[in-house]
């Protein structure tokens with residue numbers, strides 16, 4: 001037997017946590033509204049029955065003002081899941097019940113899952129689950145999914161739903177409206193292939209004067225509002241209702257209010273707040289994180305701390321890894337020679353593929369594997385919505401949406417994820433701005449490179465405290481520059497290609513939660529490592545091979561590689577870079593992690609050095625190839641602003657459904673980067689020539 | 001008499017009010033209703049962002065941030 005179960009609920013109630021706990025999957029979770037933007041599905045077995053679980057995006061209602069709501073509504077209304085598990089946050093049940101009541105209007109196969117019982121317990125919020133179940137006429141279970149508590153009860157409730165009769169208590173409207181709805185319902189039921197949604201359709205028809213996009217169709221394929229009988233019924237009803245003041249607007253308001261008021265009544269009966277000051281800690285933290293005096297300093301402090309821990313934590317594993325990996329390289333080389341393997345076979349394998357992989361792992365992986373879990377902890381705690389709250393004014397000035405700050409935060413992890421995350425922005429214009437500018441935040445694959453360059457050229461000759469302080473400080477500056485550039489680009493776009501005024505903005509600031517330290521750290525370190533390694537093997541290995549071949553195949557005594565870099569060189573010099581750097585950025589397009597390794601590899605193949613043990617040796621290689629602090633700054637600027645990686649480009653095309661916008665998302669940051677590099681290099685050369 | 005029709009955006013941090021209605025064509029109306037903001041709902045301003053806008057409001061035990069221009073669409077009666 002197979003059953004499809006939809007998981008629905010408000011944003012940020014732990015739906016994804018419930019989903020992961022049930023399916024054993026690793027859908028990324030975080031404490032901010034809108035984390036799940038696409039539906040995920042997974043399966044699990046329980047009591048001999050195969051359950052297919054669908055994690056719907058979080059929404060506040062099914063009345064479809066946004067893409068997520070539309071996805072959730074369509075799935076519940078038209079995909080006929082065997083049951084819907086409505087997940088609620090026990091600490092703010094009242095607001096959550098609004099959606100549950102709406103779902104209940106569509107289907108009677110609903111299980112209410114009151115999640116985050118542990119948080120409610122802490123705040124001394126008591127919920128009378130059995131009374132709630134009686135009032136709603138559906139099974140109600142209490143869970144705290146993070147600790148795996150109560151999950152089995154969900155399955156018990158699902159099978160209860162099959163076996164014993166429950167009589168859902170649908171929400172009744174004021175009499176005059178209720179009788180009109182029932183009349184409409186009867187007419188609609190005759191035409192619907194699935195009459196169970198007739199009441200829901202009747203309400204939609206009445207509240208909108210028949211304007212009902214994506215309405216269900218009858219058997220002949222005519223949409224409901226276009227069926228003559230329905231239209232006649234509708235106008236008859238509005239003739240009788242409107243003299244009494246019941247126009248569409250009043251009906252809409254009345255419907256919304258009826259749900260809200262019923263949720264209020266239910267909570268008054270079933271929920272007891274034993275500690276009236278239960279949210280005191282949240283309010284104190286909110287004051288700390290968002291007040292005029294402390295809001296921005298704390299934000300910058302968090303940013304700095306994140307990088308400080310990353311930088312210093314990465315040093316040791318980085319040098320250990322490179323020692324090990326490069327001694328393995330020597331060993332491979334010796335073994336290959338002693339086995340008599342011809343050089344044309346082992347050289348590309350060892351000096352091409354293996355070496356690039358070794359660099360990706362030793363230089364790029366440790367900072368990535370440290371930064372990501374730290375950031376996830378901050379996310380789990382609930383800090384990110386406060387960032388959006390603090391920065392919203394700036395985005396408003398740029399005619400964009402404050403939630404763009406959330407998508408930028410996601411971009412710090414991975415720009416492709418950030419681009420998908422832009423779905424949380426309701427206005428299409430503002431969403432497009434967020435998509436196009438997302439790559440101006442350096443992703444996890446880029447900042448280890450920025451960090452390496454900073455350590456080598458800008459903060460290298462310091463000792464003690466400064467040595468641990470400066471790289472993190474410069475890196476934070478780079479991120480701040482990325483934010484400024486994002487704002488400038490957003491302003492530019494909303495004044496030119498994407499003209500318009502800022503739309504409305506509602507953002508929930510969820511309660512703070514204690515992050516799940518152990519779970520987050522273990523999972524994100526492992527996931528990150530596996531992900532980076534996987535991508536490195538797929539992209540770095542062929543790139544390494546390609547470079548080796550280009551460096552060793554010669555046309556008239558000059559390697560092909562030199563032809564390419566010489567060709568790019570004049571243009572790159574204008575930008576303060578050189579041909580090798582620009583070529584590495586081009587070849588590194590499949591994954592930003594491999595840009596620096598490709599660069600080193602290319603210099604190496606043209607120079608005399610054969611081995612790179614640490615950053616100091618790496619620096620001497622770069623200096624030998626003409627790098628100065630100006631080159632370093634230009635490389636940093638260019639890695640902050642150039643084309644997005646291939647994955648991000650493809651994601652942008654998927655999200656915008658347009659190749660044109662994808663090209664713009666490549667052109668925009670590339671142009672910004674080129675102009676910045678050119679201006680900086682020209683100015684710096686001019687001034688350094690003066691002194 | 002300041003008690004009749006002030007806007008939600010006029011509430012300062014620490015002040016409370018009860019929603020009395022929406023501006024005629026409030027664009028946000030449905031969204032606000034979904035968040036539980038209807039006539040008669042008590043609402044409390046708990047703070048503003050460092051740059052002064054948006055402000056954060058406590059409604060039905062959840063915290064919602066609204067921009068000033070959106071909050072100006074909501075009428076409230078101030079309560080002590």
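From the backbone N, Cα and C atoms, a Cβ is placed for every residue, glycine too.
Residues annotated as domain 'FeoB-type G' in TrEMBL: A:2-164. Restricting the average to the domain 'FeoB-type G' (A:2-164) gives a pLDDT of 86.
If you look up TrEMBL, you'll see A:287-311 (among others) marked as transmembrane segment.
Annotated transmembrane segment per TrEMBL: A:356-378 (among others), in sequence order. Sequence-distant neighbours of the transmembrane segment (A:356-378) (same chain, 6+ residues past either end, Cβ-Cβ under 8 Å): 30, 302, 306-307, 309-311, 313-314, 317-318, 321-322, 325-326, 328-329, 384, 409, 412-413, 444-445, 447-449, 451-452, 515, 517, 520-521, 524-525, 528-529, 532-533, 536-537, 540-541, 543-544, 547, 593-594, 596-598, 600-601, 612.
With a threshold of 8 Å between CB atoms, the same-chain residues lying at least 6 positions outside the transmembrane segment (A:433-459) that come near it are 310-311, 314, 363-368, 371-372, 400-401, 403-404, 407-408, 411-415, 418-419, 422, 425, 466-467, 470-471, 473-475, 478-479, 482-483, 485-486, 489-490, 493-494, 498, 528, 532, 591-593, 595-596, 615, 618-619, 622, 627, 629, 631-633, 635-636, 639-641, 643-645, 648, 652, 655-656, 661, 664-665, 668-669, 672. For A:433-459 (among others), the entry in TrEMBL reads transmembrane segment.
Sequence annotations record features per position, and here TrEMBL assigns transmembrane segment to A:465-489 (among others).
As annotated by TrEMBL, transmembrane segment applies to A:529-551 (among others).
Long-range neighbours of the transmembrane segment (A:580-600) within the same chain, counting only residues 6 or more positions beyond its ends whose Cβ lies under 8 Å from a Cβ of the stretch, are 355-356, 359-360, 363-364, 368, 443, 445-446, 448-449, 452, 532, 535-536, 538-540, 543-544, 546-547, 564-565, 568, 571-572, 606, 612, 618, 621, 625, 631, 635, 638-639, 642-643, 645-647. The transmembrane segment annotation in TrEMBL covers A:580-600 (among others).
Taken from TrEMBL, the feature transmembrane segment covers A:661-687 (among others).
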If we skip the immediate neighbours and take only residues 6+ beyond the ends of the transmembrane segment (A:287-311), which ones have a Cβ under 8 Å from one of its Cβ atoms? 367, 370-371, 374-375, 378, 383, 386-387, 389-390, 451, 455, 468-469, 471-473, 475-476, 479-480
Report, as numbers and ranges, which residues of the same chain sit near the transmembrane segment (A:661-687): CB under 8 Å and 6 or more residues beyond its ends. 432, 435-437, 439-440, 485, 489, 493, 497, 574-577, 630, 633-634, 637-638, 640-644, 649, 652-653
What residues in the same chain, six or more past the boundaries of the transmembrane segment (A:465-489), come closer than 8 Å to it by Cβ-Cβ distance? 300, 303-304, 307-308, 310-312, 391, 394-395, 397-398, 404, 408, 412, 436-437, 440-442, 447, 450-451, 454-455, 458-459, 636, 640-641, 668-669, 672
